[in-house]
């Protein structure tokens with residue numbers, strides 16, 4: 001049973017990571033190595049989150065066994081009974097045998113670290129490279145990462161020299177390994193607290209605002225205005241890049257050595273631009289190196305990189321615009337149906353995608369009206385209150401988890417109460433909900449943030465390869481300190497609890513942080529308290545206000561710029577709505593015309609075809625009759641001519657005045 005629980009979670013997490021990657025990535029167009037590397041990074045990080053509660057329950061059982069072995073005990077079946085207190089140590093249903101978890105954590109941790117610090121940065125540069133060969137892309141990636149890798153090697157080398165020269169330090173390999181892990185976790189914890197402080201406030205607030213239909217509609221109008229600006233900018237940028245590609249294509253002819261590079265660039269262009277450039281190109285004109293100045297391969301690689309970026313951005317804005325239109329139309333339909341007396345949800349436009357028949361059978365217009373207009377707002381409010389309660393507990397525990405006497409961390413209190421009764425199901429559920437909520441707060445922020453067009457995770461298969469790889473790097477760097485922070489909140493980390501008890505398998509892989517006391521006793525304990533300041537700043541939208549002052553338009557209800565963008569977006573949505581209504585009205589008229597006059601037109605067409613067939617058969621019959629008559633008269637004339645030639649004497653005649661063919665002479669007369 002223990003192996004089955006671990007195997008089921010491994011399989012479930014794999015399909016969860018695959019589902020999320022399919023939502024954001026594009027399996028058909030993106031390189032397979034990018035998909036595999038990102039999937040592996042996401043899978044390992046999610047796996048740590050899901051398996052860690054099993055490690056906690058197994059550790060609690062092992063502690064119970066150690067306590068039993070240190071006192072007189074009696075064996076009784078699947079559990080051990082303490083002689084004096086008659087305490088029972090039940091084996092958890094998800095118990096993992098000794099020796100499996102350390103190997104598992106070691107493989108998972110070091111694989112994720114190899115991905116985040118070595119492989120994924122290299123693949124990022126490889127994916128963004130505009131080279132035309134594998135060797136050229138690898139060379140570009142190595143050059144771009146030389147500074148990145150060189151900095152880390154320089155710091156590590158300086159540290160080794162300092163340790164070797166200083167006689168006070170006598171570090172072994174395990175201690176050096178622990179120092180490296182501590183350095184990586186320190187970097188991850190620094191970023192973790194920033195993302196956690198934002199998510200703890202923004203996730204409950206977004207669900208609370210999700211119950212406000214007017215708020216959502218105004219924010220959708222605001223997004224529409226911003227997205228239209230970005231969409232127009234992407235179209236203009238694509239036009240400029242395509243014009244440059246056209247000039248290069250006309251300059252470099254078919255027999256030029258760099259023509260293969262140009263053809264590679266043309267394959268990345270949209271289809272309509274490829275056809276346009278193909279029509280205007282003369283492939284039979286030779287090139288002359290003396291008359292024209294041709295671009296270099298380096299400039300073509302730069303152009304190739306710009307083409308890939310501009311085409312991806314243009315396609316992403318087009319898809320996001322259509323999705324935003326559907327969302328705006330649906331929110332407007334909800335606002336209209338709230339006052340409906342029939343209590344049936346009526347859509348302005350029919351769905352463009354075919355709906356599932358099972359969903360149509362159960363999710364009727366009446367059910368949809370009750371859910372969208374009555375139940376959904378209350379559901380979002382209740383969910384927001386629950387999430388806000390969790391956020392308050394997390395903030396309190398982050399500020400008090402270092403206190404062991406008394407225990408002030410609420411998560412530690414819950415786990416210790418369950419540990420006394422050895423209720424492993426409750427322990428695993430409490431651990432899972434805690435670390436799952438922490439992961440949602442951190443990972444959702446990773447999915448939401450956008451660094452200009454440098455990093456952006458867009459759903460519906462619109463995320464580029466660079467952003468996918470960058471997200472994998474962030475997950476691999478954030479997950480280990482997130483798990484250590486969770487173990488500290490629950491006092492399962494001996495460094496925090498200050499108890500000489502058996503540590504979890506995950507903590508044993510991390511090593512003892514006592515090697516660096518200023519990190520173990522200082523940074524790891526007091527830095528998470530900054531989450532309080534970050535939560536306050538997020539609650540009052542200080543970051544949003546600062547970005548708005550810098551010129552980056554953000555949605556703020558008390559801003560004049562926000563009001564102008566809302567009005568602009570509302571007009572854009574109204575214009576697109578009229579356009580789609582005209583299209584549907586035209587389609588409906590054509591459908592009605594076809595249904596009303598389609599049979600009559602078909603019968604008329606059949607009559608015309610039948611009449612044409614009769615006329616053609618009649619004309620063919622007359623033609624055959626005339627042809628047979630003409631053939632018979634022609635045969636008679638030919639026989640008469642032969643008889644006359646046989647009876648008459650040969651005469652001299654002038655060929656110019658007499659025609660040889662009697663038929664031609666008759667026709668001439």
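Glycine residues also receive a Cβ, built from the backbone N, Cα and C atoms like all the rest.
Because TrEMBL annotations are produced automatically, they should be read as predictions rather than curated entries.
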Query raised in the report: To which of the residue ranges 146-165, 206-225 does TrEMBL assign the term transmembrane segment?
Result: 146-165
Report summary line: For the transmembrane segment (466-489), out of 103-126, 378-396, 523-542, most C-beta pairs under 8 A are with 103-126
Query - Cβ pairs under 8 Å between the transmembrane segment (378-396) and the transmembrane segment (6-21), at least three - result: no
Query - Same-chain residues at least 6 beyond the ends of the transmembrane segment (6-21) whose Cβ lies under 8 Å from its Cβ atoms - result: 35, 38-39, 42-43, 46-47, 50-51, 54, 94, 96, 100, 468
Query - Sequence-remote partners of the transmembrane segment (103-126) [C-beta within less than 8 Å, at least six residues beyond its ends] - result: 33-34, 37, 40-41, 44-45, 47-48, 51, 55, 137-138, 140-142, 144-145, 148, 152, 184, 466, 469-470, 472-473, 476-477, 479-480, 505-506, 509
Query - Integer average pLDDT (0 to 100) for the coiled coil (224-251) - result: 93
